[in-house]
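Report on the structure given below.
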Amino acid sequence: MNYFILILPILPYLYGPAVCSEDETRLVKTLFTGYNKVVRPVSHFKDPVVVTVGLQLIQLISVDEVNQIVTSNVRLKQQWKDVHLQWNPDDYGGIRKIRIPSTDLWKPDLVLYNNADGDFAIVHETKVLLEHTGMITWTPPAIFKSYCEIVVLHFPFDLQNCSMKLGTWTYDGNLVIINPDSDRPDLSNFMESGEWVMKDYRSWKHWVYYACCPDTPYLDITYHFLLLRLPLYFIVNVIIPCMLFSFLTGLVFYLPTDSGEKMTLSISVLLSLTVFLLVIVELIPSTSSAVPLIGKYMLFTMIFVIASIIITVIVINTHHRSPSTHIMPAWVRKIFIDTIPNMMFFSTMKRPSQERQEKRLFPADFDISDISGKPMPASVTYHSPITKNPDVRSAIEGVKYIADTMKSDEESNNAAEEWKFVAMVLDHILLCVFMAVCIIGTLGVFAGRLIELSML
């Protein structure tokens, strides 16, 4: 008797689960005896099955710009009422809910219409939650690979409008009615992506009529997602390096031509840019539908560098010109020696036209007395007796020859200095022009799109 008193409190724990399991076994056996999972769960054939659909987006796995495929991890919640699966909880030990395999009952054949790669229907058959009222809730997980028309025109500052179109495959709107549980998909458990941010999301229900059966509607629910790309990765790894290459290209014109390193720097920048483009080409969507912004900027940078090389060749050629090969036109002297230097910051520098007057070999008042060191009588001329001396005459002619030769060399040097001065003026002009083009070109490519995004 004492042992019975001790065991009595734990009897419910020993026999309770067995009783509950027996009730649930009896309930399942009763429900599925004669149950046909092929037949729609309605009392009359003309009655439609109302299915409430809810999409819960868990993760945006990837966006394939080339193949235009968006891979996402979702949970597709479906609720409907099965009139053949109802019971009185009091008859089965108070059981109000049971979980049964989804393969054992009728389910709406929802599929992803815009499936791009993978299974159209849900593959993972999880259990459903069945209530005593006949209400069924099924929330299977799925990996959807949906088609999305990717517009790469503004890449990497692009905004994509992708969608998932869900509907029954064999039932029309008279047999199965699908309704969204909300005007927005559920993002309560959404895991943020490192590349995309969800700007907006909506769900829409559509009635579609086909030519074969104009009186029969076919229903679908389309979920739209507005995805904004996070461009930081491309700004740091692509755009900023291209800007630095453009800046180095402008510095070519700051380098003195006499250093002989202008072409070396230009070619080095071009080779570096080429190698850089080969490395990052895989980061850019390889599609011919449109040229993306980043592609336009890379093309601009390449043209910018090549143009600097061509112009550098012209500047170096100008720097090394001589009067024996090129005679400076009057308009070149007027523009690049007399006019532009007065308008720019190096206008105080001495120009060849000024230095020519200061570097005369002989002053204007030079006479023969400078040779002998003694004053020559005013009456002495080239035909006077003192100049008839062969030695004196020979000395005078030698001095005149030397003076003429040095004067010719001086004029030649002055002409060469003028060409060098013109090349220096060109360098200063091109330095300002290329730096301005670098800034304006960068703003011209990206500013418009950035302003549009800031207004969203």
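Cβ coordinates are placed from backbone N, Cα and C, and glycine is handled just like the others.
Here Swiss-Prot annotates a disulfide bond for CYS162; of CYS148, CYS212, the partner residue is CYS148. Here the Cα atom of CYS212 (disulfide bond) is found 29 Å from that of CYS162 (disulfide bond).
Within its own chain, the transmembrane segment (429-447) is flanked in space by residues 157, 239, 243, 246-247, 249-251, 253-254, 293, 296-297, 300, 304, 308, 311, 315, 340, 344, which lie at least six positions past its ends and keep a Cβ under 8 Å from the stretch. For the pair CYS213 (disulfide bond) and ASN161 (N-linked glycosylation site), the C-alpha distance works out to 31 angstrom. ASN161 (N-linked glycosylation site) and CYS148 (disulfide bond) are 8 Å apart (CA-CA, integer value). Ranking the recorded positions CYS148, ASN161 by C-beta neighbours within 10 Å puts CYS148 at the top. Set side by side, the disulfide-bonded residues CYS162, CYS212, CYS213 differ in how many other CB atoms lie within 10 angstroms of their CB, and the most is found at CYS162.
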